[in-house]
Amino acid sequence: MEEFVRQCFNPMIVELAEKAMKEYGEDLKIETNKFAAICTHLEVCFMYSDFHFINEQGESIIVELDDPNALLKHRFEIIEGRDRTMAWTVVNSICNTTGAEKPKFLPDLYDYKENRFIEIGVTRREVHIYYLEKANKIKSEKTHIHIFSFTGEEMATKADYTLDEESRARIKTRLFTIRQEMASRGLWDSFRQSERGEETIEERFEITGTMRRLADQSLPPNFSCLENFRAYVDGFEPNGYIEGKLSQMSKEVNAKIEPFLKTTPRPIKLPDGPPCSQRSKFLLMDALKLSIEDPSHEGEGIPLYDAIKCMRTFFGWKEPYVVKPHDKGINPNYLLSWKQVLAELQDIENEEKIPRTKNMKKTSQLKWALGENMAPEKVDFDDCRDISDLKQYDSDEPELRSLSSWIQNEFNKACELTDSIWIELDEIGEDVAPIEHIASMRRNYFTAEVSQCRATEYIMKGVYINTALLNASCAAMDDFQLIPMISKCRTKEGRRKTNLYGFIIKGRSHLRNDTDVVNFVSMEFSLTDPRLEPHKWEKYCVLEIGDMLLRSAIGQVSRPMFLYVRTNGTSKIKMKWGMEMRRCLLQSLQQIESMIEAESSVKEKDMTKEFFENKSETWPIGESPKGVEEGSIGKVCRTLLAKSVFNSLYASPQLEGFSAESRKLLLVVQALRDNLEPGTFDLGGLYEAIEECLINDPWVLLNASWFNSFLTHALR
């Protein structure tokens, strides 16, 4: 090999290689492959620089014949091949005159045209693996990397190859020739196998033994060991690589990766149309409770008994009448349904023993409200095979709705504190192991912050209603059962309270599949006058049913009491998830925990106590048109909980789609904020995917509006 090197390379290059090996204490008689590699690398560096000049106008030109009259400056400063002291002197001088950032490792060249240092690599392995080892070693955005291989492949930072095609072809041809010459002498295999990876000086967390073997076994194809894969991942430069791969896949695919800049994203377009309406399964901020404190009546805990007891606390009932009709419904039927509930409750009270459940008489108004006999007749598919024009019935496209202010008000209310405690300390699961002392502490702090939150009331209300409805749907399939909407809580003083929000009457419920629908009519008490925001109550018929005396600063005032009535429906799978709404507590607790973990890892100690007890510190809660909203840690807990609860209450395909698609845009924006220079292709397609989810759902529209606020402030 030594003889081949002396024959094959220019004597000046051989001499420089000898000096370099001597400087590093290596014997070229033994390390002959290393000797050949150094010579090859030097030659590539010189060829890279050859014939490239900068003229008087500062333009880069190629001059192959020496013209003594031309006032030309070499485009590249060659650093490789100088002894270390001299090389660093050159680097320092370049940094001082050009303002370039000083590299940690000695680079090979400096490009006066592009004003950057260049690291040249020549590899006998795959270019991308070697590229990534180089990138991982030098860890500098400023140094440009250009790798050549003996097979004619190359790879460069951001697919920017610096030189023209012809100059690079000269280098590739020379490398190919060296390879053939070596092969003809039987030297190539030994040379190819002798290449070691770039040695970095930093310490690495070593994996040994079984874990190491498992790691090596589970690598993607084409990676021989974990180190190669690590290097590949650490320095992967995706943009040019993805473009190349896509164009190989198909001629039709043309993914031009565009840089994503602060000016690139536009706001998400929200739909126009009438304002969106309330679509939750039960009233939220508008609900009114009839309550009993310290219940101790006979049959306490039996829903029907509790409901009757709560109804007796109110004395302001009056002859009901419709104050806001439902545009598409038969409003007298809603009125008759409420009157029937009152009458049948009265009947129960007149009985000697109150029954545990109450099935309503199947009157015409309830049959209409519950859609009895309205479903089209089901026909077996086999009986229809011969019908030539069999088709699914046409359904209308949903009408586009615009964002309305009521949904933001609902969310704000859900974050507020009530005057009752809705969960006990042990509501969020028990400790499983002694290690969880910190977990217990976090859970207790978190519970204290959210136990009085209105979102927590919604959880308990949702769990109760869904459990009761699913039980009744299975136990009384054919009956129109009356189900009280009840919740339980404690006052701040610790007294127990039972609350009645209204009633549900369920329809026939032969639920075979998870998605089979059970219809129900909900009747809920409220003090909200529906005429203030009629668009919110589009799906409701609202009755005035009584007058309530309320204590106020000026004494007692009488307010009309309303009943919000609507037909609704749900399914087994929706009720199953509704019963598990307590998961929202866990989800938001985990989000808070990750904030504490981040803080703890910075301070290198557990910060749970400080996190919850330092009342003066504020944390980011969310975006609004005013900017980033901040609040106490308790407010953060309650806001995260409210978001999780609303995701459950307003769950829909629109929300699923919006969350998945907008997340992609969010990640790109965050990458831009972190100065990672993200690139995108088909950004228009992503916007389309996001915007096709914005139809009429109030919670999705609100999230889209928040996202726009985030975009505005994130890209300032």
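Any Cβ shown, glycine's included, is placed from N, Cα and C.
Going by Swiss-Prot, these are the annotated features:
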type    : residues                      : note
BINDING : HIS41, ASP108, GLU119, ILE120 : Mn(2+) 1 binding site
BINDING : GLU80, ASP108                 : Mn(2+) 2 binding site
MOTIF   : 124-139                       : motif 'Nuclear localization signal 1 (NLS1)'
MOTIF   : 184-247                       : motif 'Nuclear localization signal 2 (NLS2)'
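What Swiss-Prot annotates, mapped onto the structure for a quick look.
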residue	record	DSSP (3 states)
HIS41	Mn(2+) 1 binding site	helix
GLU80	Mn(2+) 2 binding site	coil
ASP108	Mn(2+) 1 binding site	coil
GLU119	Mn(2+) 1 binding site	strand
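Taking the centroid of the Cβ atoms of HIS41, ASP108, GLU119, ILE120 as the Mn(2+) 1 site, the other same-chain residues with Cβ within 8 Å of it are VAL44, CYS45, GLU80, PRO107, LEU109, ILE118, GLY121, VAL122, HIS146.
For the pair ASP108 (Mn(2+) 1 binding site) and GLU80 (Mn(2+) 2 binding site), the C-alpha distance works out to 5 angstrom.
Taking DSSP states H, G and I as helix and E and B as strand, the motif 'Nuclear localization signal 1 (NLS1)' (124-139) has 12 helix, 0 strand, 4 coil. Long-range Cβ contacts of ILE120 (Mn(2+) 1 binding site) within its own chain (separation 6+, distance under 8 Å): HIS41, VAL44, CYS45, TYR48, GLU80, ASP108, LEU109, HIS146, ILE147, PHE148. Note: GLU119 (Mn(2+) 1 binding site) has non-local neighbours PHE105, PRO107, ASP108, LYS134, ILE138, THR143, HIS144, ILE145, HIS146, i.e. same-chain residues 6+ apart with C-beta under 8 A of its own C-beta. Model confidence over the motif 'Nuclear localization signal 1 (NLS1)' (124-139) is summarised by a mean pLDDT of 85.
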